[in-house]
Amino acid sequence: ARCQCKLIPRERRNCGYPGISAVECRKAGCCFNASMPGIPWCFAPKAKKVRKVCPNDPHTRINCGFPGITAKECERKGCCFRAHPAGVPWCFYHRMVEE
């Protein structure tokens, strides 16, 4: 993602070799910016930021518990708990989303 390549020059970690082209750099999964001499032009992108969320759509829930599990037992397993609607898991896994 483009935002992963927005790094201040001193944060750039070299990701290529001297003379690497923009095409080769990007093929390697790196960022390329040749606008400043003396700093890496081909550099590693920032790590993606992810966070856990409990899915809103009850039909996308992936079961994390068992029938009759309590909210406390479910949360101890590190899962989401919502005791509604009927017919879908009430204890279910988080989803990871990029920020």
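Each Cβ is built from the backbone N, Cα and C atoms, and glycine gets one as well.
As given in TrEMBL:
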- 1-46: domain 'P-type' (DOMAIN)
- Cys15-Cys30: disulfide bond (DISULFID)
- Cys25-Cys42: disulfide bond (DISULFID)
- 52-95: domain 'P-type' (DOMAIN)
- Cys54-Cys80: disulfide bond (DISULFID)
- Cys64-Cys79: disulfide bond (DISULFID)
- Cys74-Cys91: disulfide bond (DISULFID)
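According to DSSP, the domain 'P-type' (52-95) comprises 9 helix, 8 strand, 27 coil.
Taking a C-beta cut-off of under 8 angstroms and a sequence separation of 6 or more, Cys30 (disulfide bond) has the following same-chain neighbours: Cys15, Gly16, Cys42, Phe43, Ala44, Pro45. A separation of roughly 8 Å, to the nearest angstrom, links the Cα atoms of Cys74 (disulfide bond) and Cys64 (disulfide bond). Around Cys54 (disulfide bond), the same-chain residues at least 6 positions away in sequence with a Cβ under 8 Å from its Cβ are Cys80, Arg82, Phe92, His94, Arg95. Comparing Cys25 (disulfide bond) with Cys91 (disulfide bond), their Cα atoms are 44 Å apart once rounded.
Between Cys79 (disulfide bond) and Cys91 (disulfide bond), the C-alpha separation comes to 6 Å. Cβ neighbour count for Cys91 (disulfide bond) (all protein chains, 10 Å cutoff from its Cβ): 23.
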